[in-house]
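Among the features that Swiss-Prot reports, repeat 'WD 1' is placed at 119-159. Taken from Swiss-Prot, the feature repeat 'WD 2' covers 172-212. Taken from Swiss-Prot, the feature repeat 'WD 3' applies to 222-262. Feature annotation from Swiss-Prot assigns repeat 'WD 4' to 266-306. Taken from Swiss-Prot, the feature repeat 'WD 5' covers 310-350. The repeat 'WD 6' annotation in Swiss-Prot covers 367-407.
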Amino acid sequence: MTTQMEDVEEKVINEEYKIWKRHTPFLYDMVITHALEWPSLTVAWLPVKTSQPNKPYSIEKVILGTHTSDEEQNYLMVAKVHLPVDEASIESLKYDDTKGEVGGIGNVSEKIEIIQKINHEGEVNRARVMPQNHSIIATKTVSSEVYIFDTTKHPLEPTPDGKCSPNLKLTGHKKEGYGISWNPRKEGHLLSCSDDQSICMWDISAASKSDSTLDALNIYNGHTSIVEDVAWHYIHDTFFGSVGDDKKLMIWDTRTGTKPIHVVEAHNSEVNCLSFNPFCEFLVATGSTDKTVALWDMRNLGNRLHSLISHTDEVFQVQFSPHNETVLASCGSDRRVNVWDLSRIGEEQNNEDAADGPPELLFIHGGHTSKISDFSWNPNDPWSIASVAEDNILQIWQMAENIYNDREDDLENSKVTNAQIGE
């Protein structure tokens with residue numbers, strides 16, 4: 001019986017994917033699909049962009065990891081991405097089955113290329129780049145340690161012995177975890193959370209060149225279950241937030257000790273992720289196993305501002321756009337990345353539109369056929385997103401401009417089409 005149900009589900013997923021491919025020319029200005037050798041649990045853009053004279057593309061980079069079988073070597077990876085520089089360079093908008101893309105850029109054969117592989121001990125649960133130094137990458141590992149890699153001090157090809165040699169190992173946790181966050185305003189300050197119910201903070205600038213390990217500067221305790229995610233505030237350099245399986249959102253201030261300053265039961269189920277708004281200092285979003293994304297005002301955490309409802313399964317990642325104050329995206333087990341525009345909350349809808357989703361649901365990316373593990377807004381190109389899923393696929397995509405620019409007929413038509421994909 002289970003096998004029959006799985007077969008039916010697989011057929012449904014494949015049919016949805018075919019529908020998505022048919023509609024990509026109307027929904028996207030760009031889609032690039034790249035099959036990785038192994039699934040990546042993490043993806044993050046490097047905030048660097050190189051343009052070349054007389055070339056129809058720019059060169060950007062993303063960091064990835066591997067999640068291999070137990071017998072295979074794991075890697076932290078840096079990939080080079082060729083992105084079209086403007087609409088004039090984009091070929092006719094049709095989905096190319098052989099290349100897996102919309103919006104090609106001429107004769108560039110490899111749009112995505114792995115240019116550096118660094119041996120890693122176990123799978124890379126998450127990898128994030130330091131904002132102040134783009135060669136410094138922190139990784140969450142399958143052990144209790146957090147690794148720091150300086151990519152300039154590692155060869156482009158991994159050493160054949162498979163030895164993992166991070167430039168620094170950060171200690172303090174007792175178990176593995178996923179959440180990790182660099183302080184955008186204090187260089188070297190790193191937060192990590194863990195299944196051991198704790199949050200650790202390090203200042204890696206305190207490590208001498210001879211140090212191979214660094215103990216946590218502070219350990220924060222307040223959660224009563226697994227801490228799933230942690231994030232520094234973008235504006236106030238002593239504030240951070242955390243969420244966990246105890247259903248709690250906690251706000252902390254490093255100046256007041258190691259206990260939270262605000263605690264709220266944020267959802268009816270485990271809380272898996274959070275994101276502070278880079279523009280509005282009081283706005284924070286949380287995503288949960290209860291399938292919703294919640295919006296909160298830090299000045300009044302007793303009352304939820306709004307619930308974003310469209311996902312059909314657990315929400316595992318949420319991120320505000322670095323370019324637009326009212327835009328955020330979320331992803332999860334339903335194989336979808338939803339893009340939301342909070343400025344549209346409360347807009348009037350007819351019954352047909354309301355059946356397709358709330359007015360603030362701007363876009364549904366339906367290009368993956370398995371649970372989406374992570375996504376990342378491109379800091380260099382507004383509306384460009386990279387996403388990775390358990391189907392080994394890395395996709396880099398940008399919704400059609402008429403969807404986010406036009407608030408009337410074009411938006412309505414695009415949203416109806418897109419809603420059909422999400423059915």
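The backbone N, Cα and C atoms fix where each Cβ goes, glycine too.
Predicted, not measured: the structure shown is a model, and the values here were computed from it.
Sorting the repeat 'WD 4' (266-306) by DSSP state (H, G, I as helix; E, B as strand; all else coil) yields 0 helix, 19 strand, 22 coil.
Distant neighbours of the repeat 'WD 5' (310-350): 13, 272-280, 283, 285-289, 291-293, 295, 357-366, 368-377, 379, 382-383, 385, 387, 389, 399, 404, 407, 422; these residues of the same chain sit at least 6 beyond its ends, with a Cβ under 8 Å from one of its Cβ atoms. Taken as a whole, the repeat 'WD 5' (310-350) shows an average pLDDT of 97 in this prediction. DSSP labels the residues of the repeat 'WD 2' (172-212) in these numbers: 3 helix, 14 strand, 24 coil.
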